[in-house]
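Here the structure is laid out as structure tokens; the discussion comes afterwards.
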Amino acid sequence: MPALACCVDAAAVAPPGYAAFIAGDSSLPSAVPFSASTADAADSNSTHWSPAHSSALYRIDGWGAPYFSVNNAGNITVRPYGTDTLAHQEIDLLKIVKKVSDPKSVGGLGLQLPLIVRVPDVLKNRLESLQSAFESAIQAQGYESHYRGVYPVKCNQDRFVVQDIVKFGAPFRFGLEAGSKPELLLAMSCLCKGNPEALLVCNGFKDAEYIFLALLARKLALNTVIVLEEEEEVDLVIEISKKLSVRPVIGVRAKLRTKHSGHFGSTSGEKGKFGLTTIQILRVVKKLQDSGMLDCLQLLHFHIGSQIPSTALLQAGVVEAAQIYSELARLGADMKVIDIGGGLGIDYDGSKSGNSDLSVSYGLQEYASAVVNAVRFVCDRKSIKHPIICSESGRAIVSHHSILIFEAMSATAPTTPAVNQVDLPFILEGLSEDARVDCWNLSQAAMRHETETCFVYADQLKQRCVEQFKEGTLGIEQLAAVDGLCDLVSKVVDASEPARTYHVNLSIFTSIPDFWSIGQIFPIVPIHRLDERPEVRGILSDLTCDSDGKIDKFIGGETSLPLHGLEGNGGGSSGGANGRYYLGMFLGGAYQESLGGVHNLFGGPSVVSVSQSDGPYSFAVTRAAPGPSCGDVLRVMQHEPELMFETLKHRAEEFCGQDHGNEGTHAALVSTIARSFHNMPYLVVASPCSLTAMNNNGFYYCNEEDYNAAVDSGASEDEQWSYCYA
Ligand SMILES: *Cc1c(COP(=O)(O)O)cnc(C)c1O
């Protein structure tokens, strides 16, 4: 009896409703509850999974070494000193999240997620690694000058990031690059604490005010270079410097013929947005000569774009620029510095290949060696004194030190039938003759395990039923039952489960804008539970009301990410996460923070700085600031939160005030409104306040004592903590 054999066979792996369906036995109880029990079998496998498996799966060594790894507990750790990090110095990210997000009453900082964790030690390590890569190339090749880098502040203008770079770079004269007036102002003020020889490179389009500021910076004894991006800028520089009686130091940005063809290369080549053509460079030389200022021209700059894919392209660019440099020297300019721009790349997917914008085929040392080699080669042939080599690496300096951590709040259920029961007689009852035939054929195909045929009949059945529904001859319950049946069939016939959608408490537009705007992919990994096998595949969907607010592309060409089931969280191995599920986006320290907007009025994340510490927890939170509140983001769009609050308060008095004998309700209502302005826009899972909230007359509000206690405990103070050691 084949049907029975099939029934037994299928029942072993399939839900009971399905068994009943393919057995065609309508005498079974009409409603068979569906329960997914397949997950249990998989659970027993997780014992064979280890953190090393996760490390390989998420390619953590590829993109993360030497700064990130997975510890024995299955959590991601930061290695603040790169390869020099000792085992006890590793910092467990989950512990940071716990410290930062725990309420103040239990010793936490009471900050909301999403969260940016900055690790200044990593920043320092990147800066020193870049410096030592150039120093060793210079030494190895007998190069007769030195390297003096600048950090282009546009990559991350955060005050503490820039201040740290100036501080860490002071011993080796590391400087800053600015591309606009506010960037110049911040570079000027930060470099007041820097090494006096550190360069301040002024790029970007300039007006008289910009040039005035840059000349003023020279008066303030800052080692400022005005790089001409457009020919007309030279006239302003000549005129204003005469007025101010300042001898400027001038650079020119050359439009190279060498072209970087990747996404980030569109600024390169003869048609690039910036820089002077050969003809323009010669006109600038002439103008400077006529004004007796040719000695002011001392620097040649170029920038062929970000993420330069290979050292071959880099070398071609540097050689071309070094020729221009030599020619300028020959024409009488007092050339001193060759500034090779940015473009030192990052390996976002750990593939070490130069075939996409996601990776580069070289490391720091190969980059530095290629540059030094190319400059030396050209200058030696032309008998030109070796110039100071300056680079403007941004991405390569700041990407690693900052980690974005966010929480998955919920996930779409595994593909269960839309209704949790399959009631065959009920379904058949309302169907047209044709649809009944489809149903029969479907059950026959299912019995024979003919996947494709199943899908064809299921599709046909669905279409017919939708037609019937539109005509009004099928009820909504029956339509739903047919959908459920089809889902059930496809789940059993096609074992591969489609990716689930994980809802994350984040705005991609605010925090990962490059994913949305240019398809830039960053490594994203759960920061804990890496000792468990990730059983699910998922895509990430953010809080915004925008279908673009999702991440469905991941490193390795994947369209979904291996993830852990949310339902299984909170078990023994998830150690200390309290049933929450946290993901980290790595290597996002460059560009993401400044490019992000306030779509749906979600503002930036909370930010903490973390240092290694030899105390019991191996880290200290040295700085913490909550992200912008609802009031803050409203202000960005010209709203006035104070007035808005007054309006709503009066309205509450008008409509809820006469509610005599219910004074508490009214007061609580108003404080809830006040609190909403003060809180961050992101979802709150369980704040101490909402846990004690009471439902009263349809208003959901806090117990006022708890609210006041929360305020007293500092929730409303200007949220800055210094040196709270964990
Ligand atoms: C953007 C930019 C940089 C930084 O480039 P990275 O690829 O981040 O190193 C450097 N110089 C100039 C002129 C730039 O426009």
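Cβ coordinates come from backbone N, Cα and C, glycine included.
As recorded in TrEMBL, the features of this protein are as follows:
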type	residues	note
DOMAIN	142-399	domain 'Orn/DAP/Arg decarboxylase 2 N-terminal'
MOD_RES	Lys154	N6-(pyridoxal phosphate)lysine
ACT_SITE	Cys545	active site, proton donor
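Note on the domain 'Orn/DAP/Arg decarboxylase 2 N-terminal' (142-399): its mean pLDDT in the predicted model is 95. Other Cβ atoms within 10 Å of the Cβ of Cys545 (active site, proton donor), summed over all protein chains shown, number 8. Counting only residues at least six positions away in the same chain, the Cβ atoms of Gly179, Ser180, Glu183, Gly394, Tyr591, Ser594 sit under 8 Å from the Cβ of the residue listed as 'N6-(pyridoxal phosphate)lysine'. In the three-state DSSP assignment, the secondary structure recorded for Lys154 (N6-(pyridoxal phosphate)lysine) is helix.
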